[in-house]
Amino acid sequence: MSENIMLPHPHKIIDIIPETEDVYTFRVETSAKVKHGQFFQVSIPKIGEAPISVSCMGENWVELTIRKVGKLTNEIFNLKPGDKLFMRGPYGNSFPIEEFKGKHLVVIAGGTGVAPVRSFLKYFYENPDEIKSLHFIAGFRDEKNILFREDLKKFKTKFNTIYTLDRDKIEGFEVGLVTEHIKKIPFNSFEDYNVVIVGPHVMMHFAALECLKNGVTEEKIWVSFERRMSCGVGKCGHCKINEVYVCLEGPVFNYTKAKNLLD
Amino acid sequence: MSYCVSTKRMNEILKALQKDYKIYAPVRFEKRGRYSDTDLIRYAEINSIEDVVYDEKSHFSPKEVIYPITQALFYFTEDEYRESKVDDKKILIFARSCDINGFRRLDTIFLKNGGTEDIYYKRLREKVKFILMECKESWDSCFCVSMGSNKTDNYSLAVRFDGDNILVEVKDHEFINLFANEREVEFTPEFVTSNLTKVNIPEIDSQELLEKIYNLDMWESYNSRCISCGACSAVCITCSCFNTLDIIYSENGRVGERRRVQTSCMHEDFTTMAGGWSFRKTAGERMRFRTLHKIYDYKLRFKEEHMCVGCGRCEERCPKLISFSSTINRLYDEVEKLKKGEVSRTREQASSTEEGK
C-alpha cells in the first residue's frame, strides 16, 4: 500500500503569538524541511482542514500565521501551547531564493500577504550580504491590523522599508495603498533585481500593473496565489486555474505565467 | 474465446463469481426517477443477470462504485485516527465503452496528477475488472464517437444480451474455466461508429485566443439559465472534485470522522475561501471553466485525450435542459468566428450595452 497522502499528523504547538485581535502566529514543532513560500494542510480532527502558508521557520519548528475567519480557524484559536495541531505537508513550490541572491529584491505585501514573505525576509535580515538591497513595501488596512510589529521594526534597520496604512495616519507609516508607493522604488537604478508581490487578489493585480508601469519587466515579478484547497496534492480540483493546479505548480508563480491564468 | 450462455447458466456463473467479487451493473429503481412514475437507473450490486438494465442508458455513471459520493477517510477518537477500511472482495463492473474510458481519466487525476497516488481511490480501483456492455446503438445525447471514447479493449469479459441468451467474450484467463462447458460461438463486441449528436472540438492554440474565449458573451447566457446545482458533475463519469468534511458523531462529541464528499465546480461556493472571497462568481464563469476543463485544458495538461467522454448524461440530467454538446458546438462556432476575425460580442461589450440601457 502506498503512503496515504491525506493522512494528517499531530504536531505540538510550542508557542502562540498574538499579532492582532484576530491574527495569531502559531509556532509548531516539526522536523519537516520547508522552503520559503510553501504551505501545510492544517487541521483539527472533527472540525476541518485548510491550507496555511508558513510565515517563519527554524530548527524543528515552523510558524503559521492564521486569521480567525472561519470554522476551523475559530477552533485553532482555542488551542493552547502544548496542544496538538494536525498537519500534512509541506506542499507547493517556493520562492526562488537562490535566484534572488546577489541582486536587488523588492517585496510588496499587503495584509496577511506579509505572512508568506516573512520567512525569506527574515532569512535576508540574517544574511543581508546575500542581496544587493532589499526594498520592502508593507501595507495594512489600519493600525489595528498591523502584523509582525517587532519584525517590521527590525527590517527597518537593514532594509529600505515603506510601511503604509490604507487610511490611518500614525508614526512610521505612510497613508495609502501599497500601489501608491511603488513609484518610490528606484527600479531604474537597479541593474538586476526581482520583485515579489503577495496580498489580496486585487492588490496583486494592481501592484503588478504599477510595477510594469514603472519599467519592471514581467519575468522579474513573482506572486503567490491563495486558493481554496481540500487536498493540497492535485486531486480535489478546487485550486485549478486553466491547466494549472495552484497546489502543485504554485502557490508561487512568475508573473509571465500568472498573468495568463484566467480564473 | 466467446460463448453463448443461457440466462439460467449465466446466473450460476454470477453466483460462482460472487464468492470473490462484488458485481455492479446498471439497476432499475422503480418510481425513483426525477419525474413522477419514472424509474431511476443507476449502478448497484446485482444478484442475477436479470437485474442488469442493458437496453437503457443509466442515469448515473459507475464512478461511484470506486469513488463514492461520500466516503470516510479516517475515524477520529481523542488524539488518534483510524484509516477507514474497504471490503476484501474484488469488484466486477458492467460498463460501457465511454465509462471504461472515463475511468482512465479518473485514474489520471487520482493516481498520477502531482506524482502522488490517492490510496482511497487506488485501494478500490485495483480490485476492479470490467465487463463490457455492448452498445447496440447510441442514444440521442451520446457523442462518444466525437470524443474517441466509443471503443475500448480494456475489459475482462464482454457481453451482448441476445434474448434468452447472452453472448460472452472471455478475454481474461481468470474467468475461462467458468465458461468451459458452454457453447463456443463467434462473438466479439461491436462498437457504435456514429452518433446522432456530433461535436466539433475547437482548436485553441494561443493564449490570445483563450483570452478572447474567456470574454465571449456566450458564457453570460448561462447566468440566467444554469442554477448551479451541480447535477451535471454528479452524473459525469470524469468529474472527480471533492470537499473534505469533518463530522462529530452527535452521540459522542469526542469521536468523529473526516469524509470526502463529491462536489462540483458548478457550485457557487466551489472557489470560496474562508472570509468569503471567491474567484468564479457567476454561473456563466463556472460553465466556461467546466467546458474548457472538459475539452481543452485537461488535454493540455495530460496530453493524451480530452476529459469529456461524450456520455451525454450531463445534459440528460440538467434540470434546465442545458446541452453540453450544444455548448461545445456553440463554442466551436464562436472560436471559428474569432479565428476568421469576425467580431463576436464580448463580455465587455455586453456589459457596456447593459450600462447604456
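Numbering starts at 1 and runs along the chain as displayed.
Heads up, the Cβ atoms here are built off N, Cα and C, so glycines get one too.
The feature domain 'FAD-binding FR-type' is assigned by TrEMBL to A:6-97.
What TrEMBL lists as [2Fe-2S] cluster binding site is A:CYS231, A:CYS236, A:CYS239, A:CYS247. DSSP classifies A:CYS247 ([2Fe-2S] cluster binding site) as helix under the three-state reduction.
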On the 0 to 100 scale, where does the mean pLDDT of the domain 'FAD-binding FR-type' (A:6-97) fall?
95
Given a 10 Å Cβ-Cβ cut-off, pick out the one of the binding-site residues A:CYS236, A:CYS247 that has the most other Cβ atoms nearby.
A:CYS247
Which residue counts does DSSP yield for the domain 'FAD-binding FR-type' (A:6-97) in the helix, strand and coil classes, in that order?
7 helix, 49 strand, 36 coil
Residues lining the [2Fe-2S] cluster site besides A:CYS231, A:CYS236, A:CYS239, A:CYS247 (CB within 8 A of their CB center) are A:PRO51, A:ARG227, A:MET229, A:SER230, A:GLY232, A:VAL233, A:GLY234, A:LYS235, A:GLY237, A:HIS238, A:LYS240, A:TYR245, A:VAL246
